[in-house]
Structure formats: structure tokens, C-alpha cells
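Swiss-Prot lists 89-110 with the feature repeat 'LRR 1'. Positions annotated as repeat 'LRR 2' by Swiss-Prot: 113-134. If you look up Swiss-Prot, you'll see 137-158 marked as repeat 'LRR 3'. The repeat 'LRR 4' annotation in Swiss-Prot covers 161-182. The repeat 'LRR 5' feature in Swiss-Prot is assigned to 185-207. The feature repeat 'LRR 6' is assigned by Swiss-Prot to 210-231. The N-linked glycosylation site feature in Swiss-Prot is assigned to 226, 285, 335, 376, 402, 424, 427, 446, 454; the stated evidence is sequence analysis. Positions annotated as repeat 'LRR 7' by Swiss-Prot: 232-253. Residues or ranges marked as repeat 'LRR 8' in Swiss-Prot: 256-277. Summarising the annotation, Swiss-Prot assigns repeat 'LRR 9' to 280-301. The domain 'LRRCT' annotation in Swiss-Prot covers 313-365. For 366-454, the entry in Swiss-Prot reads domain 'Ig-like C2-type'. Taken from Swiss-Prot, the feature phosphoserine covers 689, and the record attributes it to a large-scale study or a structure entry.
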């Protein structure tokens, strides 16, 4: 046996007879220390896991320990700091009623097994970031009755198993957004008695999807904060506040709530449908408030409600509480005296509400102040059918064309009953067409009023047009009292007469966006209800010119169409600008080319063969007879040159001389101005008289030819 234990020993074996004294001592120590061998004490091993802190073998001097140091109590020791020698295997630590002011970072880092930490009734005013590091097993954290002014959101990091957080009775002034989103595992949150609380953010409770209990009692609340994120909340404490009015939607999203406490909350009025969201409510406490009556059938949607506390309220027993008496008789038939007593009138004072019946009162059916009216709309639009009474103590339900009874809180995708009794359509369809009946009920009976909803299909060609599209048209948007959300756009087209200058068109007139009555189009029903006419508005005036054309466009499409038209205009403008630039560039190129061609042509003409005219003495070329003839002809030409056309009588010359006659005449005219009306004598005075015969020699410099004159 000894040999077996030696094999399990961490000490190496030595040959028999050579075992030294220290090794024998270690062997004896190991054999006679079962706790160490089995790891039962585990102090040395656990201290290593605790971050290297010295092993805690005993309870701190200022505390008392039990259950092998797993439960440590240090209450009423006037401690200013958290003791540093708390055993590492502590699961429960109570530090209440001391003078601790600051919880420093990593104070509890070595207490990895701690489950409950109580720091209540101290002077804690500051909790440093990371103060609760190293507490992965912490389940409950109590910080009530301290001096915290803010919620220590950052300190809750890494508390992945925290289930309960107590912050009651601290001078906290505000609860910011996402104050507890670092501890989504919370099940119970106590924020009661925050008497200096002034502000709760709309997103203060975001992330608390597992919360089951919330205490907001005695926090001086004037309104119920946003609790929509608490989808699993089962118990809600709102007692001790100043909630004068409970509105519809105050408990939106709390479909799992089972218990609601509103004692001593100064509640004076609970509006119709205020509790409709509490489908799972089982217990409701409204005692010690200022309630005088409740809306008709307030508790009807609460199918699971079993216990209602209504005592200590100044109930005014009249027709408005008669329904409550009937409800109490049905809910608690064995004890109708459990809940409330009449405070007025004097004849019924002290009577239990559950004992009242209709014989005590003279009641009348409700009056509908604003009945619904017929409505004509186009498919896809929103619509409302109003049904209002003079008091909120009644209940309002709607009967649809297919026989469905619509109440407040009834789930429909597009249709709902608002808290004021209005039947709201978010997006009407053709199938919604039919007669809708409003039923207003109180203890004496009910009153009904009906209206017809006409839904016309959208015209695929002229989408948004009101049926006929003009006054008097019988389109789907007609009908007195029906509101269609259309806007009228008047477009003027001007025709220019021949000879008249076209004038600039006037600006387009628009009717301001908003509901316009269909009755103005003249297509409404003649038997429409009178109240509708009082709430109608006339359409914008339009010009009577025959060139004006009116188009009706839904305002829901104005923005989208305007943007689309703007894009088209921009594209067209860019195309026009591009074409203009291209044409300008081409014109410039053509102009430059034309200029260059013209310049080249002028240069070519300037450098062409030079023509010369040479006047020579005829005597050197012709015989005497010919010279005389030429002289005579010249004399005749000199006499007739002033009056008429000049003619040069040329003698009979040789054939080669006559071939150049026309050319000489043309050159002569070009040189002297080519005036057909005047003779050559007027242009050239040198030819008025010919003293000697002359010859013109014309031609190029290379070949000068002769012409006899």
C-alpha cells in the first residue's frame, strides 16, 4: 500500500536504504494530510487562480464567516474601505451599514465565485469603472440607500449573469439612454424612491429584453415613461407618483404584464382604452387615488383580469359607474363588497358599487356629436371615418361591411380604431367599399350611425385624376363631404395671332397642397350629410379663358414627378448645349478654311502672266496707205467720241492682225473704266486727236502681238 502511494507522490523515488531525512518527512506529510491530497482545502491552488493574492486561510477580523468562509458578513463595522482579505471562495458578501464612499477598480477581482454582493446603506457616491471586474458569477447587486447621483452604467460591464439590481433611494437625477444595456440579463430592477429624479430618456430601458420586475414607485413621475422595450415585463410598480391622467398607449408593448400597482398615485382620470395593451393583466390595484368614474367597458379587453382593487376613491355613483357594478358582479360574484364604496351623491354614500343596479338611476343613451359621413376616395389613399361623442365615459366600436366588429386594439393590417373612436384606414383598397356602422355604448344603451365608403380604382391612363377630371364630373373622387388629397394645377396655353408678337406665358397657378373637398366638383351625392358641408373648402379659382386646361394630380406624386421632370429637363439642356458647341466649332473651322482658300486664290491671281500693251508708231509697221486710213478713222472717232458710242473704223488688215481686235477692245475697256456710254476720247484725252498713226501691241512679255488701229 505504501508503495502505491509513493507512486502517486510528486517526489521521485529513491532506492531503499538511501532515502534521506527530508524526503521521509515529506512522505509522512503527504500520507497524513488527506485534505491536501484530495484538494479539499484547495487554498493554495485557489489563490493562484485569484490573481496571485495571498491565500486567505481565515476570515477577516472585521467580519464573520460561515460555511467554510463562503458566507462573509461585515455589517455595521464602520468600514471606510472594502476589506482586502476576503476569502476567494466567498459566495455571499454583506457590507451593509458601513461608511464606504468609493468602490475602486478591481476591488472584488479575486472573488470569482461571488454571487450576492450587498453594499446598501453606505455612503457610496462614486463607483469607478471596472469596480466589479472579475465577478462572472455575480447574481445580485444591492446599492440602495446610498449617495449615487448617476447610474453607474460603465461599472456594470462584464456582469454577464447579473439578475437583480437594486438602486432604490439614491439621489439620482436622470436616467440616460441605454443606461442598463450592458446588463441584458437583468430580471429585477429596483429604481424606487428616486425622489430627485427629473428626467427619464425615451431609450432608458432599451436592451432589457429579459426584465420581469420594475419598480418606479415614489419617483415623482408625472407621466408614465416609455416602457415599450420591456416586452417580457410581468410586474410594474408605479405607486406613490403624481400620475393625474392615464392616457391610451401608456402601456404599449407590455403584453406580458401580469401585475400593475398604481396605489397612492393621485390618478384622477383614466381615458378610454388606456389598458387595452395589457392583454395578460391579472391584478390591477387602483386604490387610494382620486377616481370618480371609469370609462364604459374599461376592463372588457382584459380577459385575464381576476383581481381589481378600487377602494379609497371618491366614487361618484351615477350612470357612468353602472357598468362597473355589472362587471364586478360577473367577475367576483361571491363578494361584491370587496372593492369600492360610493362617495356621492349623499343618498348613496357608503353603498358598495357592486350592489348598485339600474333602478337607482335614470340613464339615457349616448349622443353622437360628430357622426361619420359618406366618403369617396381613390384606391391607395388614406381615409378616416369619425365618430365622436361628448364624453369619454362611453365605448366606441365599428361594424365593417363583412360583419367584423372592430374595437380599439383590434389588430388589422390597414384598419384600426383610434382612441377617440375614429376608424382609420392607412391604405384603402376597392374591397374596403361598403357601409360602416359606428356604435357608441353606455350603461343605458347604444347609438349607431352609418356611413358609406366608396373606393374607386386608379385610372392607369390618368393616374391620380378625379374620375371625370373636371367640374361636374362623376368620377371616383366626387362626393360631398369626402376629402381627396389632390392638388389642382392650371396650365395656360397661349395662341399667337398672325402679325402679333408672342407674349410671355403667365406663371402656372397652384392650389396649396392639402385636402380639397370633392363636393366642389359637383359630382357628389345630393343626400350627403350636412356636417360635411361645413368642413369643406372651395377649390382655387381658375381663369375662364378657353385656352386654359386644368389637370388634377395627387400630391403624393408631385415630388416624385417633379424630380423626374427636372432630370429630363437637365438632360435636354445638356444635349442642346452640346449641339450648340459642336455647331460653333464646325463654323469656326469652315471660316478658317474659307479664309485660307481665298488667300491662296488671291496669291495665285497676283502671280499670273502679266499682260502688256505697247503703243508703237504705225509708220514703222504699215505702208503709207494704211497709215492714212488709220489716221482718217482716228479723226472720225475724235469727232464722235463726245456724243455717242465710239467706234474705231479699222482698215482692212491682214488676217493675223484682225484676230486680236476683240482682245484689244476688252483690254482697253478694263484699263479705262469700261464705260459704255462715253467715248474713248472722254477717258483718254490723248486720243482726242491723232497726229500720227499708232499701233497697239498686246500680249505677254514673251510674245507681243501687233494690232493696227
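Positions of Cβ are set from backbone N, Cα and C atoms, glycine also.
Counting in whole angstrom, residue 226 (N-linked glycosylation site) lies 24 from residue 424 (N-linked glycosylation site) by their C-alpha atoms. Residue 402 (N-linked glycosylation site) sits 21 Å from residue 446 (N-linked glycosylation site), taking the CA atoms of both as reference points. Recorded residues residue 376 (N-linked glycosylation site) and residue 454 (N-linked glycosylation site) have their alpha carbons 5 Å apart, per Cα-Cα distance. Around residue 285 (N-linked glycosylation site), the C-beta neighbours below 8 angstroms that are at least 6 residues distant in the chain are 239, 260, 261, 262, 263, 308, 309. In this structure, the CA atom of residue 454 (N-linked glycosylation site) is 26 Å away from the CA atom of residue 446 (N-linked glycosylation site). Long-range C-beta contacts of residue 446 (N-linked glycosylation site), restricted to its own chain and to partners at least six residues apart, with a cutoff below 8 Å, comprise 365, 366, 439, 440.
Note on the repeat 'LRR 3' (137-158): residues 91, 96, 101, 103, 112-125, 127-131, 164-176, 178-180, 182-183, 190 of its chain, located 6 or more positions outside it, place their CB under 8 angstroms from a CB of the stretch. In the three-state DSSP reading, residue 402 (N-linked glycosylation site) counts as coil.
Within the chain, the repeat 'LRR 6' (210-231) has long-range Cβ neighbours (under 8 A, six or more residues past its boundaries) at 168, 184-195, 197, 200, 202-204, 237-244, 246, 250-256, 261.
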